[in-house]
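Per TrEMBL, these features apply:
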- B:17-241: domain 'MacB-like periplasmic core' (DOMAIN)
- B:266-290: transmembrane segment (TRANSMEM)
- B:276-396: domain 'ABC3 transporter permease C-terminal' (DOMAIN)
- B:325-350: transmembrane segment (TRANSMEM)
- B:370-394: transmembrane segment (TRANSMEM)
- B:415-437: transmembrane segment (TRANSMEM)
- B:449-470: transmembrane segment (TRANSMEM)
- B:497-684: domain 'MacB-like periplasmic core' (DOMAIN)
- B:497-516: transmembrane segment (TRANSMEM)
- B:712-737: transmembrane segment (TRANSMEM)
- B:720-835: domain 'ABC3 transporter permease C-terminal' (DOMAIN)
- B:766-794: transmembrane segment (TRANSMEM)
- B:806-826: transmembrane segment (TRANSMEM)
Amino acid sequence: MTTTLIETPRTSVAVAASMRGGTKTYGHGDAEVRALDGIDVDVATGEFTAIMGPSGSGKSTLLHTLAGLDRLTAGQSWIGDQELSRLSEDKITQVRRDKIGFVFQAFNLIPSLSARENITLPLDISGRRVEQAWFDEVIGILGLGDRLTHLPAELSGGQQQRVAVARALVARPELIFADEPSGNLDSRSGGELLAFMRRAVTDFGQTIAMVTHDPTAASFADRVLFLADGRIVDEMRDPTAELVLDRMKQMGH
Amino acid sequence: MFRLAVKSVKHNPKRLVLTAVAVALGVALAAATFTLTNALSGGFSKLFDEIYAGTDVIVEEAPDELGDSEDPFAATDAIFAHGDVDDVAAVDGVASAWGGRQVSGTVLAADFEPSNDVMAAGGAPSQIFNWAGDPRVDQATLIEGEGPASDDEIVLDVDAAPRLGYALGDTVSISTDIGVEEFTLVGLVRFGESNSLQGATLAYMTDARSAAINGDDGYDQISVIVEDGADASAVAEAIDEILPEGTRAITGEDKAAEQTAQFDEILQYIDIFAIAFALIALFVGAYIIVNTFRIIVTQRTREFGLLRAIGVSGRQLRTMILLEALVVAVVSATIGIVVGYLGALGLSVVVEALSGEIFGTVTLPIDAVVWGYVLGALVTIVAAIMPAIHASTISPMEALRESATESKKPLRLRNIVGGALTLLGVVAIVVGLYMGIEKPYIPVGAGAMILIIGVTLLAAQVLVPLAYALKAMLTRIFRVDGKLAANNIHREPRRSANTAAALMIGVMLLALVATFTESMKSLVTEQFQGNNADFFVFSAQGAIPEGALEVIEGEDGVAYVTSTGLGTVLLDGEATAVGVIDPDTAELAFDYNNEPDFDQMDGGAFIDPSMVDAGFEVGDELMLEGAEGTATLTVTGRYLNEGDAQVWVDEETGHALLGDYPIVQSMVVLDDGVDPEAAQDQLLDALAVDYPLLVLQSPGEFEQLANQFIDLLLGVISAMLGAALIIALLGVANTLLLSVTERTREIGLLRAVGVRRRSIRRMIRIESMVMAVFGTVLGMILGVGLGAALVRALEDFGFTTITVPWAWLALYTIAAAIAGVVAAWWPAHRAAKMDILEAIAFDG
């Protein structure tokens, strides 16, 4: 397998993360599963990118490998202009710490820390100071002011996810990766959460890449990438829920 | 990171409680000992200060190369004549000099009855001196009545008189070397400031009477009071110049410091002994800590994965776990130190209530605090290292998984390391025991520890097939509960093995001690098989008086009495223990383990194995130098047991070397046909008149007595191991409790499909019992093995038979099974009362 095959030139300006020829396989021989099959993708800075696809399309694997949580079998990926496959585990950890924020579907928070401590955790780990004004602004927008001293177990699902978003935002990362952030929430809480994320992109220029299978969630994004069988099969700008749903139906979802 | 570690410990303290208790118990053991020995040291240092408080300079026998002070039977020699006292008094700066003499004897209680009981004949010692009448010399102040003016008068200390049942004017009996002497109590004295005598009885009589009892009018010490303004150390130096050789002058202050230092040295051994047991307890505790942290790491896999995802490095994660361990260590060590201190305080109150004031102020010494924290922190952190490393390898992807999953790693690496360690441990033990190296306990101790760890690692492998084998049996007996229990043991072989191993260590040590002590009993029994003596004579107060032996020999029906004496001589400048026997009769009374028999001594000397090791052999000439003279002897035979005396000589040589040597044991042989029981009563009656404290034991009684002492040794060591065993059981409970939490969903499912609470409880109990018995059996195998190796290594001390303590082993196994059920009580209760719906919804 050739790993240096670059089909599309990388435009280094205004790209927060990118991947060229990204391939990820699990297992060997007959049991080999090709989760990613030579993907080229760019996540533009200051944009809200949604990655959609049916189950098993490889969308989560794409997010994990882009974010440096998992390594590609072949191909290259970049965060900013750092090529991850060349980096040691420690260096990748550092990249995640300093440049990336995460919002997962569940289990986002450390159970023993209060909401405030969870939010400032990435800054505490890297020894950076909390910008109080920015912290207050984020907390204000997310409506968490009176919940800061609570432990995760004392928060509702929606509140927990908002704390996770706050954590991702407060550290001012170059890029936030979100994995089905509203997947465990009822539609109202989910809608609120996605609206906050939309605002972070529009008002503060935050870059966000989000994996989802929910067309409504995808409609909050600037751009939707459609994945099937480990390849990007289509993309859509300024989506609406109806358009996304139609596209998904075509894909047989 | 530190804050996160503290938060995490605080967030879920329950899972760390038992770990903390384990550490605290071990630390408490060490802290309590330090506190008690410190208080003892304080008490005795005060005593020594008071003994030498008034006296400015003490003139005494110099501690010489013969090492008299180390020989418990050595009588204080009367080395100063009256003239010496006068000479000292004439030295510049000396205000007065007084010759002091101690009388060896015991003040009998008013209601004393001879009892022929070795234990009863012991008790707190009596300190009897000649009365100077000067409180600075006597260190005692008359507070009631008068001092002893005539030879039949005596004074006692204020606490002893009521304790022994005497009032002023009563007749006081003292058992001395020349018989029971009687006095009239004429006064009461107070020792020092507060009469703190650590339980001893203090008595004073006139100078003349004390000389008569000792049979020597010399003095063993001269107390000097210097003139006002004179410097005590300058006077001491001046006295030193005129003194006879082998004596010295020392200031009272220095003497008190010297005695305190000597006493502290003894206490240090107690500290080391206690630390050894604390270490054993903590070593067992370490197993619990490993298990707890391993389980916690598994339970928190997703949390760690999340931390890794948001940028915490593996190293930071490792540090965090170790910090958590440190937090646990500091908290539990603090608790342990406080509990240890309070325990010591309580114990000191109890002991003082029983036996009078022997402790100084009970304070928490700095040693206890330092050792407590060092031991606690060291053990906890070392034990947490492996789980911490495991945590640091958790992939950030784990945060994204649905539930905590455990990866099943093969046991191969564990088996290889375990096998290698086991082998290494055995080699180290064998080298230590049989190679005759300088400090054998170092390789033996290290080897035992390595062996334990090795066996622990291998135990996981053993458990897998064992669980399969047990499954069929348990299923047949307990049906599905038994099957599930066997499955659980097999599912986490590492965890089960570590849990069982914690118990294994305690049981191993118990089995080792039991094997050793049972073999020791066999040794005693064997020695008595070749015994011909009808009675053994003992004195609980020290040496057996010559007069007492004359009394026995004078009785009808006694064929002869043969005695063993002990002393110290110089051989090539080295202090050497010498035993004195009568070659003609000794072998008739007792079948000594020697070659040839003692009757072949022929005026020469027998040597023991330590002398053979030093290069001496039969036919060599020995130049012995004693206090009274020298002798050149031919080695005519070997005494095959080590540890009794290095050189054996006959009585004539003994007297020539040592003069009057102390007799430590005598054997009585009766004429043929005399009834031993009647003879024992007859002899005791005869002795009661003048030597009521002597004890006459038949071989059966003596053997029983020896066995009692051995059992006492076993009891003391078992009690000290108690802490380790309790910790091990806590470990079983802890592991079960944590795994019940971990299996919440599974137990909920079992309940949902109709398994009854009773069955759940039983399942946990069976699991616990199997682990406990497994650990016990492993421990017994190791313990008996090590005990047998130890007995073999001590062959020189007379051990010939290795006795396996079957009765004890059976007892331990039953106790382990019961303990297993007890340990499972709380976890089983927790599992059974679980709410089904909550359990199924539980987020692992």
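The backbone N, Cα and C atoms fix where each Cβ goes, glycine too.
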Worksheet item: Within the domain 'ABC3 transporter permease C-terminal' (B:276-396), how many residues are helix, strand or coil going by DSSP?
Response: 103 helix, 0 strand, 18 coil
Worksheet item: Among B:266-290, B:325-350, B:370-394, B:449-470, which stretch has the highest count of C-beta pairs below 8 Å with the transmembrane segment (B:415-437)?
Response: B:449-470
Worksheet entry | Segment-segment contact (the transmembrane segment (B:370-394); the transmembrane segment (B:497-516)) at 3 or more Cβ pairs under 8 Å | no
Practice prompt. Please indicate, using numbers and ranges, the residues of the same chain that are 6 or more beyond the transmembrane segment (B:266-290) and have a C-beta under 8 Å from a C-beta there.
Written response: 18-19, 22-23, 25-27, 29-30, 33-34, 37, 40-41, 325, 328, 367, 371, 375-376, 379-380, 382-384, 386-387, 449, 456, 498-499, 501-502, 505-506, 509, 720-721, 723-724, 727-728, 730-731, 734-735
Item to complete: Average the per-residue pLDDT over the domain 'MacB-like periplasmic core' (B:17-241) and send me the rounded value.
Response: 81
